[in-house]
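Look at TrEMBL and you will find H145 tagged as active site, proton acceptor. TrEMBL lists C153, C156, C177, C183 with the feature Zn(2+) binding site. Residues or ranges marked as coiled coil by TrEMBL: 291-325. Among the features that TrEMBL reports, compositional bias 'Basic and acidic residues' is placed at 343-374. Per TrEMBL, domain 'Deacetylase sirtuin-type' is recorded for 15-278. What TrEMBL records for 325-374 is region 'Disordered'.
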Amino acid sequence: MGQEQSVIDDDTPPKSLADRSLAAVADYIKSGKARRIVVMTGAGISTAAGIPDFRSPETGLYANLAALDLPEPEAVFDLHFFKQNPKPFYVLAKDLYPGNFYPTVSHVFISMLAEKGLLCQLYTQNIDCLERAAGIPSELIVEAHGSFAGQRCIECKTAYPENLMREHVARAEVPRCIRYPECSGLVKPDIVFFHEALPSLFYERMDLTISADLALVMGTSLQVHPFAGLPNMVPDRAPRVLFNMERVGTLGSQADDVLVLGDCDTGVRKLADELGWRDELEEKWRALVGHKEAKRQLQGMKKRIEGIQDEVSRLADEVEEVLRLGHDGSADEANSVIQPPSRDPEKEKSPEDGQEDRQEARTGEAEEKDQAET
């Protein structure tokens, strides 16, 4: 994992890049040709932050929801269910509310694009507000699925004070409209639930992709529409770079598509290296999250890389067994050996100075690259 790829034929030359590599993408940016960069992000850029996946049985979050006897975990984000029983959502919100998590290197890289005047628009599917915490200006952010940044009554739409919301969430209590008793409607964060329309801002800003010079797609499965259609709106002349565990959507089908498969933070660090921004990126990230959190995130990255290596080794052993059985003439038995991988792709030595941290991160990247090339 972590290699740069494209599924387009090698004989097809790129139109805007010198070649389909991160080095070429960096040269394209440094040349001044990428003045309008659009970024599209999903849950993968927040993986290192430690935000739990409510579908995963491995998290305490899942156990909390299971104890509430939901028809299915997704019901917690269903507007109809919320109106009948809002308590499960507030059990979830207590664990996910902003302030419990810190931005990742990927978030900080996007904030650097904004600082350098290169970010045209960020479209995110995430509700965690980590883009804001990283310092990305709110006017450059489109939270396609809403976020915890605001909250209001679902009946009269009156805004609800953030300090009161935070108190209720901390106690896992359900807040009611501040206009009570005139209105006793439930209060809900401005998160898009099932059966709700996306924010109007998403539709107002989606056309900005048409004028993009470069698109970065990071940590998203591109399975939820209309967000999934955004990369297809980018003009053919503009390179598209995917940072993700696997190829998604149409990424990799155009002449200037570059696929950087693997952990998002690892891929972003590689691009920062090519741009000459690595030291600045690491310093900004550590200043923002602190020593303890930086150590925790880097240790998590190392564990994810080790997990990938273990899976590759397991698959290699299975392939070897299939070949052995096939050589022995037992095709039926051979076909039964390979099982689908059970990996969930969404699932440092402590720095006393920044240099030691950077060395550990680079060591992890080297291990990932070496494994990918075997």
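Backbone N, Cα and C atoms are what each Cβ position is placed from, and that goes for glycine too.
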Query raised in the report: From the Cα of H145 (active site, proton acceptor) across to the Cα of C183 (Zn(2+) binding site), what is the distance in angstrom?
Result: 26
Query raised in the report: Cβ distance under 8 Å to the residue listed as 'active site, proton acceptor', same chain, sequence separation 6 or more: which residues?
Result: Q125, N126, I127, I191, V192, L198, F227
Requested in this report: Determine which residues of this chain, when C153, C156, C177, C183 are set aside, have a Cβ within 8 Å of the centroid of the Zn(2+) site's Cβ atoms, and list them as they appear in the sequence.
Outcome: I154, E155, K157, T158, R176, I178, R179, Y180, E182, S184, G185, V187
Requested in this report: Look up C183 (Zn(2+) binding site) in the DSSP assignment and reduce it to helix, strand or coil.
Outcome: coil
Report summary line: Counting every protein chain shown, other Cβ atoms within 10 Å of the Cβ of C183 (Zn(2+) binding site) number 14
Query raised in the report: Just counting, how many other CB atoms are there within 10 A of the CB of C177 (Zn(2+) binding site)?
Result: 20
Query raised in the report: To what whole number does the mean pLDDT across the domain 'Deacetylase sirtuin-type' (15-278) round?
Result: 92
Query raised in the report: Under a criterion of Cβ-Cβ distance under 8 Å and sequence separation of at least 6, what residues of the same chain contact C156 (Zn(2+) binding site)?
Result: C177, R179, C183, G185
Report task. Check each residue in the chain of C153 (Zn(2+) binding site) that is at least six apart in sequence and keep those whose C-beta is under 8 Å from its C-beta; list them in sequence order. Result -> Y160, R176, C177, I178, R179, C183, G185, L186, V187
